[in-house]
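Undergrad: Take this structure, written in structure tokens, and hold onto it; I'll ask about it next.
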């Protein structure tokens with residue numbers, strides 16, 4: 001199908017509508033090949049029209065000239081339980097000069113699972129009406145995989161959240177840089193973030209997203225805290241969630257588990273960079289001998305096309321914990337404790353060993369050789385080995401530089417800096433310029 005220009009009236013829309021479909025399964029995707037070439041070829045969009053909803057949901061958009069080539073578009077539909085159809089709209093803003101075409105529309109994985117004659121074993125669930133046999137991992141995950149809703153019956157609402165009515169029992173962290181935002185429809189910046197939620201598959205549904213535009217800057221973090229869970233015991237607690245990471249400057253989404261309330265916890269999972277315009281399901285298996293909490297952390301990339309989405313979180317084989325997590329008392333680093341020196345007869349030019357009161361020459365302090373029995377003459381000195389594994393940097397620091405240029409002293413703003421690096425924190429693309437491993441470990 002291609003578009004023939006037939007008049008020059010100001011704003012025109014060419015519409016191509018699909019037949020009506022009754023419903024689609026949870027993994028349904030649509031592929032189309034499209035062609036958009038010319039100086040002012042205008043925009044096109046694929047809309048989803050669902051029975052009972054007045055407003056269409058935009059599923060896919062293409063802007064501007066894409067060159068003299070056929071391109072393939074991937075459109076995620078997901079579970080749609082009401083009858084629906086599509087409308088492909090081409091918009092011409094007055095002057096239309098170009099060629100728009102579409103070909104080879106295919107649907108994949110759109111059928112509901114077929115009925116089964118038997119469904120045995122602890123890892124399977126037999127659907128009540130459709131008699132399909134599905135994995136038990138798909139039970140109580142906020143997605144109707146059966147087609148009759150039976151896999152989502154009798155679920156504990158405290159263990160799942162689709163963000164349709166708020167945050168449920170999740171909370172925003174107060175120690176991070178900013179908050180996750182609950183939203184319907186597309187995020188404010190084009191070419192980044194979801195166009196629709198995961199629960200309903202339309203722009204009527206809600207999800208959480210992390211806004212990466214100003215005032216937020218590179219490596220700012222937004223953290224979401226789960227409710228507290230009992231120790232997992234013999235069973236493994238299973239955490240399912242759906243994430244959306246679409247945009248050129250997507251940075252990092254990570255999940256942590258903590259058993260102490262004022263810590264960052266252990267890293268369970270992370271994902272870097274642009275993952276395409278789709279919701280992706282992730283399953284994590286969590287074992288813990290102590291009560292624990294899950295943290296979902298989004299980190300801003302170096303630009304505004306870095307919005308990350310989160311939807312449909314659920315826990316399986318987990319139970320809620322009523323108490324509080326313990327805290328670790330943290331002493332403030334860098335606060336100087338007055339040192340009381342032992343009785344001694346040392347002069348001002350001598351160093352007093354802290355435990356013995358022995359006097360040694362000042363030149364013997366910080367000479368890489370302990371002269372005091374308690375080695376106090378070598379404490380607070382340059383360490384013999386510095387591997388930069390802790391954040392103190394072993395006392396190495398960056399001075400504010402001044403360059404002498406004739407009589408003028410030029411104060412350097414020190415934009416060019418040394419920084420602590422780690423292979424795990426590499427930004428996509430940095431692998432070509434930074435080591436992926438350190439030398440110590």
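From the backbone N, Cα and C atoms, a Cβ is placed for every residue, glycine too.
According to TrEMBL, the protein has these features:
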type	residues	note
DOMAIN	1-112	domain 'MAM'
DISULFID	140-155	disulfide bond
DOMAIN	159-320	domain 'MAM'
DISULFID	366-381	disulfide bond
DOMAIN	384-441	domain 'MAM'
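Where in this structure would I find these features, and how exposed are they?
TA: Taking H, G and I as helix, E and B as strand and the rest as coil, DSSP gives the domain 'MAM' (1-112) the counts 0 helix, 65 strand, 47 coil.
Taking Cβ-Cβ distances under 8 Å and a sequence separation of 6 or more, the neighbours of residue 155 (disulfide bond) in its chain are 139, 140, 314.
There are 14 other Cβ atoms within 10 Å of the Cβ belonging to residue 366 (disulfide bond).
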Undergrad: Highest Cβ count within 10 Å among the disulfide-bonded residues 140, 381: which residue is it?
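TA: Selected residue: 140.
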